[in-house]
Amino acid sequence: MIAFIVLLSLAAVLQQSSGTVDFASESSNKKDYRREIVDKHNALRRSVKPTARNMLQMKWNSRAAQNAKRSADRCTFAHSPEHTRTVGKFRCGENIFMSSQPFAWSGVVQDWYDEIKNVVDGIGAKPPGSVIGHYTQIVWYKSHLLGCASAKCSSTKYLYVCQYCPAGNISSSIATPYKSGPSCGDCPSACVNGLCTNPCEYEDTFSNCKALAKKTKCKTEWIKSKCPATCFCHNKII
């Protein structure tokens, strides 16, 4: 069977002073800034070009935020262990940003998204080897649970972390993080402002679950346990 391989990447360290803010005022513990973070992500997901027919709306998740806070508090410019990045049945992806000065959350998210300049739709990174993983995670179609946190590690070191569940950046699909087409084309009866609102509560273990399910009709317990999204999430984004 073919297991999913998740790719991770780290943001470059920023030294410039433009866009800096008071760190305490931007705490992700505050409801207003949680909304800012979610709205920024959804605005970027909604505005992708070409448009997406299967892009899910993101929502704040307190467990993902707790995990992100633990990751940020390590004050290490490295991804947290995979086993610490889970929410329920989902494995979660992670974006990390480090700066010498505090930044507004909207600026942090925009910096990740700006890797789009190195992306060619359907091809992937151009030139080859360019960092694009933060952008692709932000626009990964089925990542719909979001939690973020920050840490002041010293007077010249600030870490910002967001976790995304289920994880994006599956290596075999990195060039196509979403399905292009009319907005909400795959969710016409579950659409809010250009984003789908019908996520699947399960995650498949294997990348060839569609073929396995077609062959077995999802009649065996093994298939149901390994391919629950394909077997049970009809009329949902999987």
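Cβ coordinates come from backbone N, Cα and C, glycine included.
On a predicted model such as this, the values are computed, not experimentally measured, just so you know.
The feature disulfide bond is assigned by Swiss-Prot to Cys75-Cys153 (among others), with sequence analysis given as support. Annotation note: Cys153 (disulfide bond) sits in a strand segment as assigned by DSSP.
Per Swiss-Prot, disulfide bond is recorded for Cys92-Cys165 (among others), and the stated evidence type is sequence analysis. Reduced to three states, the DSSP call for Cys165 (disulfide bond) is strand. There are 26 other Cβ atoms within 10 Å of the Cβ belonging to Cys165 (disulfide bond).
For Cys148-Cys162 (among others), the entry in Swiss-Prot reads disulfide bond.
Within 10 Å of the C-beta of Cys191 (disulfide bond) we count 17 further C-beta atoms, all protein chains included. As annotated by Swiss-Prot, disulfide bond applies to Cys184-Cys191 (among others).
Taking the Cβ of Cys196 (disulfide bond) as centre and 10 Å as the limit, one finds 25 other Cβ atoms among all the protein chains shown. The disulfide bond annotation in Swiss-Prot covers Cys187-Cys196 (among others), and the record cites sequence analysis as its basis.
The disulfide bond annotation in Swiss-Prot covers Cys200-Cys233 (among others) and is backed by sequence analysis. DSSP assigns Cys200 (disulfide bond) to coil, not to a helix or a strand.
The DSSP secondary structure for Cys227 (disulfide bond) is coil. According to Swiss-Prot, the disulfide bond annotation covers Cys209-Cys227 (among others), on the basis of sequence analysis.
Every protein chain considered, the tally of other Cβ atoms within 10 Å of the Cβ of Cys231 (disulfide bond) stands at 22. According to Swiss-Prot, the feature disulfide bond maps to Cys218-Cys231 (among others).
Annotation source Swiss-Prot lists domain 'SCP' at 38-164.
Look at Swiss-Prot and you will find 200-233 tagged as domain 'ShKT', backed by sequence analysis.
What Swiss-Prot records for 1-19 is signal peptide, and it gives sequence analysis as the kind of evidence.
DSSP assigns Cys184 (disulfide bond) to coil in the three-state reduction, placing it in neither a helix nor a strand. Residue with the densest Cβ environment among the disulfide-bonded residues Cys153, Cys187, Cys218, Cys227, Cys233: Cys227, by other Cβ atoms within 10 Å. The Cβ neighbour count for Cys92 (disulfide bond), using a 10 Å radius over every protein chain in view, is 27.
Using Cys231 (disulfide bond) as the reference Cα, a 10 A cut-off selects Cys209 from the disulfide-bonded residues Cys184, Cys196, Cys200, Cys209.
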